[in-house]
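Colleague: Before I ask anything, let me first share the structure, which is written out below as structure tokens.
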Amino acid sequence: MMRHLLTLFDLTPQELRQILATAQTLKAKLKQGERPAILERYTLALLFEKPSLRTRVSFETGMNHLGGSSLFLGDDVGWGKRESPSDFTRVLGQFVDAVACRAKSHERVEQLAEYNAVPIINSLTDLCHPCQAIADVLTLLENFGEVKGRHMVFVGDGNNVSRSLALACAMLNIQFTLARPDGYELDQPWLDRILAKYPNAKMNQTADPIAAVQSADAIYTDVWTSMGQEAESIARRAAFKNFQVNEQLLEAAPKTARVLHCLPAVRGEEITDAVMDGPQSDVIEQAGNRMHAQKALMIQLLRPEWIAENIRV
């Protein structure tokens, strides 16, 4: 059966741990100058409807490290414009071995998976951002060795990033708290789906960020206004003004707490320069972990036998 990664629900907790262990192994090898050509002769298509820095570069560089190749497909290919979605998708699958898709709507990625005979990777949609969440928990794992029982606090919106992060935390037995203004909660259908799959998950939402971070192992934030929400920017700035990750908030947290941000950041809004560039920040390392996490994910989808033979969890 063809494997896709549309959401983290497509992975088991054991598979997620295997991906994390593989990412750690590949990262260690790269630091030693080793680039095992595990995906030699494989080609990845990057099909993007939205602009990107980290996602595009991390996938392209990661595929290069693994001995494979990649090609970028932008608006000029006419996805959904010049021919039927099923024709476009099935033809694309004749030329490449996998597709990483960054789409405006999650339905577009589901459509790709419905018609395609190669693995589809959701590299960002309006619903969720699974690749980011894998990099996030990889960063937590690097800091603490074991993530079970740790506490992740997301200060911000119940958006695509926090949806995937909440699910990743449930899969790995990490407590998850969303600190947000009223009206910006995680949607109940998503929470219900997580709790139906992982009934022992510890998940909370609060409008008090100071209280939320007092037992935090990681404090995570994101922009207050995402792409496509520009018309809401004034209302959002007003709603989130007391949810900035700043020095005052960090003082309420344990000294060992790490600071995360998926980037790009609007410095001075959701996070201050002092915190983002401070000693507790792992933001840049977290961004770099996108590549290592995605390399491991591509191996999981394209050559799972390599992980079975070489990685122990």
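Using N, Cα and C of the backbone, Cβ positions are placed for all residues, glycine too.
Here's the feature list from Swiss-Prot:
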- R102, H129, P130, C131, Q132, C262, L263, R290: carbamoyl phosphate binding site (BINDING)
- N160, D222, S226, M227: L-ornithine binding site (BINDING)
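Set these features in their place in the structure for me.
Modeller: Here the Cβ of H129 (carbamoyl phosphate binding site) has 27 other Cβ atoms within 10 Å, regardless of which shown protein chain they belong to. Secondary structure at H129 (carbamoyl phosphate binding site), taken from DSSP and collapsed to helix, strand or coil, is coil.
Reduced to three states, the DSSP call for S226 (L-ornithine binding site) is coil.
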Colleague: Any idea what DSSP makes of N160 (L-ornithine binding site), helix, strand or coil?
Modeller: helix
Colleague: Taking only the Cα atoms, work out how far L263 (carbamoyl phosphate binding site) lies from D222 (L-ornithine binding site), in Å, as a whole number.
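Modeller: One finds 7 Å between the Cα atoms of these residues.
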Colleague: Can you check which residue among the binding-site residues R102, R290 has the largest number of Cβ atoms within 10 Å of its own?
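Modeller: Of the binding-site residues R102, R290, the most buried by Cβ count within 10 Å is R290.
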Colleague: For S226 (L-ornithine binding site), write down the residues of its own chain that are at least 6 apart in sequence and whose Cβ falls under 8 Å from its Cβ; none is a fine answer.
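Modeller: Counting only residues 6 or more apart in sequence, the Cβ neighbours of S226 (L-ornithine binding site) under 8 Å are D157, N159, N160.
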Colleague: List, in sequence order, the residues of the same chain other than N160, D222, S226, M227 whose Cβ lies within 8 Å of the centroid of the Cβ atoms of the recorded L-ornithine site.
Modeller: D157, N159, V161, V223, Q229
